[in-house]
């Protein structure tokens, strides 16, 4: 019987995704410790938010974390100190970054070079400068390096198998020609309500308000409406498909924030004044309606031409993008092997549980590779 | 710099999928040998069909295989001898089974116990007796054993990420409630032509003939129309979701072969007499049409009730299953986390290149795990 394996895990972030992840981690730890082939012990050795941090000397029941974090008086470690701490951990070290923090993302190469593996839904590391992208995959064992592994399924489409599928297509020698879809749960909900294929739908500003009330937008809805979230996801997919995209602002991205409201003080003031601009969106809606089409906010990468684009487009009502429901994402891969009918992946692309699921699935993959 | 890795590969089967796989393998071998982190050398040490076999003492350019196989005078090894040969190979051994052979499938436990990993699109191993299923995963390192790894993505939906997604859902603790879809490229093509959502479509027997002429059916179309291929795929998914399905004939499977034609001698005679029974299918079509629906051949697993079922069902014209195109497959996973809107995967579910792609992607995963 082989010796049991020991894995040391540090988790940063305990927000919506972080909470769900910790619950899934607790269940996974219990399953793996009872494995009949090679028992694996997952030790949570550190848990930290932007304000507080808890260190665990020994394995702890992961369910206790909330009260312990509350009563902790330790500040979080700097990324460099955290990398150092993890690389000296007793078991093989994994960092789970459940934040959307840029400075942690900037430090990924240091973690990887020190043999720390990373799983994360944080888009920032993969959609900022091309230089950071190169540094990360030059260090990673699943890039061209010999450091830790890095997996980031949930950085696009939450738990949907988008990144793993694209990697499989590329690694087995398929030619990616075009990737297109609805990459934002917020934008999906907004346009499926604004212009349902069955007709009707409210004014644009009213739908933005409803989306915010239902918790489908960021605290300031402009952070969704500026298109940057979609541009970041598209940057990641375009780079995986082989394009050297400089940054998420290096290609055309249509913002749905009226120029006049870009600089108003608060999200609330923005929402109050948005109705003044409803006519513009209404005109687009009616124009599409006359052609038997609907308006949707999509992203597309034309890999052959080397171009990416984010913004509004019109789709036939029978098109899968038009027929999307709720806040679902849809991603279509057009490739040489799949021909005219793309490989399509569809489903919830946001939400704590499904985002955490992508992180947990990545964690399982890294644990298998670390054996 | 770590030492280069050596992998020994035996490939059985050189038909439609086998040919495409060998071409993808050749490209993969070239990429991996140039890897800048850990170079990996893939050696094809044996290639065999049901009639002939070629052994390679050393690494060979994989492109030469066709003429060498033709001029070989060696017979194929028995599964037991092949397992023995592979377990003594210089590098870590992988068997790629591109056949649909039951007796090779029956021997998988022997290969796995001898430390040989397996990648395969062969449905037989996973959809025959539950006993064989149990033996395979009791031996495999990615089951509860300590032998070789086994991956079979292409046994359902060809290269579509169906099995890997279902495994991720289960391993991360989601509850699978229902799986439904169109699992056969042949049945998809047949019903999309027989009753398009836009109306029209030919007589059923005429569509079967067209499908056969286009190469979308088995040589004897009854091997598609009996529903067994779909039942096998559903058996695999149901078992992965946790149901103990005895065999693909232990749940209701509707055959589209008229009782009267079950025992006619040849596929040609069957096709000649099929028009006599067109009225029955026409009646179903008209019945569905009256309700604004279309008829499709689907499979469904109700995991909660522990039931599986294969056969004809009616769908609203706006339903994703009704709107399918060409010979595409669609698979919908209803789970606790995904709620009412399922996780959907759609695209070509048959064809040499996409099936081989699933096999090659599995091979890459096994190679990473064998490092």
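Just so you know, glycine gets a Cβ as well, placed from its N, Cα and C.
Feature list (source: TrEMBL):
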BINDING   B:13, B:14, B:15, B:16, B:17, B:18  NADP(+) binding site
DOMAIN    B:13-142  domain 'Aspartate/homoserine dehydrogenase NAD-binding'
BINDING   B:99, B:123  NADPH binding site
DOMAIN    B:161-364  domain 'Homoserine dehydrogenase catalytic'
BINDING   B:218  L-homoserine binding site
ACT_SITE  B:233  active site, proton donor
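Of all the binding-site residues listed here (B:14, B:17), it is B:14 whose C-beta has the fewest other C-beta atoms within 10 angstroms. Residue B:14 (NADP(+) binding site) has none of the recorded positions B:123, B:218, B:233 nearby, counting only those with a Cα within 10 angstroms of its own Cα. Working note on the binding-site residues B:13, B:15: by count of other C-beta atoms within 10 Å of each C-beta, B:13 ranks first. Per-residue pLDDT, averaged along the domain 'Aspartate/homoserine dehydrogenase NAD-binding' (B:13-142), amounts to 91 for this model. According to DSSP, the domain 'Aspartate/homoserine dehydrogenase NAD-binding' (B:13-142) comprises 62 helix, 22 strand, 46 coil. Shown in sequence order, B:19, B:20, B:21, B:98, B:99, B:352 are the same-chain residues outside B:13, B:14, B:15, B:16, B:17, B:18 whose Cβ sits within 8 Å of the Cβ centre of the NADP(+) site. For the recorded site, residue B:218 (L-homoserine binding site), the DSSP three-state label reads coil. Look at residue B:233 (active site, proton donor): DSSP puts it in a helix.
If you compare Cα positions, the residue listed as 'active site, proton donor' sits closest to B:123 out of the binding-site residues B:15, B:16, B:123, B:218. Counting only same-chain residues six or more apart in sequence, the Cβ atoms lying under 8 angstroms from the Cβ of residue B:123 (NADPH binding site) belong to B:100, B:155, B:156, B:229, B:232, B:233, B:236.
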